[in-house]
Amino acid sequence: MVFGEPPDGGWGWVIVVVSFFTQFLCYGSPMAVGVLYLEWLDAFGEGKGKTAWVGSLANGIGLLASPVCSVCVSSLGARPVAIFSGFMVAGGLMMSSFAPNIYFLYVSYGIVVGLGCGLLYTATVTITCQYFDKHRGLALGLISTGSSVGLFIYAALQRELIELYGLDGCLLIVGALSLNILACGSLMRPLESSSSPPPEKMCVDKAPDQYFVYHEKEKTVEENISILENGYIDEKCVNNVPDCKQDSILNKNVLSSVNINEKDTYKKKVVERTNFCKQLAKRKWQLYLTYWKETVVLFKNKVFLALFVAILLFDIGGFPPSLLMEDVARSANISEDDYYMPLISIIGIMTTVGKLILGILADFKWVNSLYLYVTTLLMTGVALFAIPFAKSYPTLAILSGVLGFLTGNWSIFPYVTTKTVGIEKLTHAYGVLMFFAGLGNSLGPPIVGWFYDWTQEYNTAFYFSGFCVLLGGFLLLLAALPCWNACTNQSSTLPPNTYSYKVASDA
């Protein structure tokens, strides 16, 4: 479907508001799952690594399933997907209140809620991009803060609900609140399509006319077979297939085997559709081959390869604090009376601030967004190394704020990806990177939890996390520096689509 001109306002601002609340409602509980994590540890008595899988799946499964989410939104539209996903999130949360064991939570909270969040994220981003062009960056920035504000509010809300109604009552109430996603989804009115038919649709419509050629009253069987044969041969020759002649001969033999005097309409249509399906299958296969070839080409770019390693290691090491910081405070024997605000809430509000400030910095021409991103990685690694030395609430609160602010580097990650591979390959490259980011989100908390189970303290776990993030930052820095220094001499000899970061960043 081809949509009309983005209005950059009007109903688009309603879309921004409902998308903000959609992300607020769906990501609030999964992002603040650290509060529930403590209760699940006490309720089921499982190890920290095994219990951490619940929160890590809820936050990582949506990124892992991003290709499926994109297909669903593209095929069905943002409004139906948002409404259906609202039922998924609410149902998963309510089902979790009846969980008899941790394995049930893997499915109800980890997979069902996580997949619903992934679908909602894709739906909100897609429909926002359809309504905005000139102010797209502002609109996306506003809706992306919904998850961070949700983390800030839900951390305190879930703690209060647990004290008043217990863990089961908390999950039921939070699930009921998530039903408001249905109201938000119903307001995601699709942008009216343009009057002119899209080229892709025309091509799809043209194909059946070429191959579905049988018309009972207008043409004889011989005429239909002749048209089918010519259309099949022309298609092969137009696409410059080397075995064009062989295929044409083979096609003639197949078609000649059809009984010309046969009057059975069903058999003739089966022959026609079979040939069309063969052509369609060959086209799809070529698309898959092209996709994997382009993926291989992306990984030949050493900066993209380093970026892929960096985002994977960053999510393995940098994501666990948002899930485990409350348990870190409890392990340090910090009294609840010393709590002025949940540590997860501090992470949430500072993530919002970080997204805004880092996004503004990335827009300045004198700021290199790749080096800015590397700086956030290195500072995150240092902050993770400092967590074992924090033994009081004020120091943990400061470190939580620093980590939250640096986690706001998600707002500049699309900038870095664009400057690395170019705008024409952004969608493909970003999808690949988000898949591995989801893998890091899923693996990070369980790994840190396993370290605790083995050593009975968090020090080794956060040393490991800090090492992962620092390693990713240094690899990305080393991969970028040679290109930065040599781009002046090589830019004139670079072939098309070859990486040159300085040229891209100056553009």
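Indices start at 1 and increase along the chain as displayed.
Cβ atoms are placed via backbone N, Cα and C, with glycine included.
From a predicted model like this one, the values you see are computed outputs, not experimental measurements.
Over in TrEMBL, the protein carries these features:
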| type | residues | note |
| --- | --- | --- |
| TRANSMEM | 12-33 | transmembrane segment |
| TRANSMEM | 53-74 | transmembrane segment |
| TRANSMEM | 81-99 | transmembrane segment |
| TRANSMEM | 105-125 | transmembrane segment |
| TRANSMEM | 137-157 | transmembrane segment |
| TRANSMEM | 169-188 | transmembrane segment |
| TRANSMEM | 303-319 | transmembrane segment |
| DOMAIN | 303-507 | domain 'Major facilitator superfamily (MFS) profile' |
| TRANSMEM | 339-358 | transmembrane segment |
| TRANSMEM | 370-390 | transmembrane segment |
| TRANSMEM | 396-417 | transmembrane segment |
| TRANSMEM | 429-452 | transmembrane segment |
| TRANSMEM | 464-484 | transmembrane segment |
Which whole-number mean pLDDT does the model give the domain 'Major facilitator superfamily (MFS) profile' (303-507)? 79
Out of 53-74, 81-99, 303-319, 339-358, 370-390, which stretch has the largest tally of CB pairs under 8 angstroms to the transmembrane segment (464-484)? 303-319
Other parts of the chain folded back onto the transmembrane segment (169-188), taken as Cβ under 8 Å at six or more residues beyond its ends: 14-15, 18-19, 21-22, 25-26, 28-29, 36, 78-79, 81-83, 85-87, 89-94, 96-97, 120, 123, 127, 154, 157-158, 161-162
Taking residues 6+ outside the transmembrane segment (81-99), which of them lie with a CB under 8 Å of any CB in it? 22, 25-26, 29, 72-73, 105, 108-109, 112-113, 115-117, 119-120, 122-124, 167-172, 174-176, 178-179, 181-182, 184-186, 188
Ranked first among 105-125, 137-157, 396-417 for CB pairs under 8 angstroms with the transmembrane segment (12-33): 137-157
Stretch contact, the transmembrane segment (429-452) with the transmembrane segment (339-358), Cβ-Cβ under 8 Å, 3+ pairs: no
So which of 137-157, 303-319, 339-358, 370-390 has the most C-beta pairs under 8 Å when paired with the transmembrane segment (396-417)? 339-358
Between the stretches 137-157, 339-358, 370-390, which one has more Cβ pairs under 8 Å with the transmembrane segment (303-319) than any other? 370-390
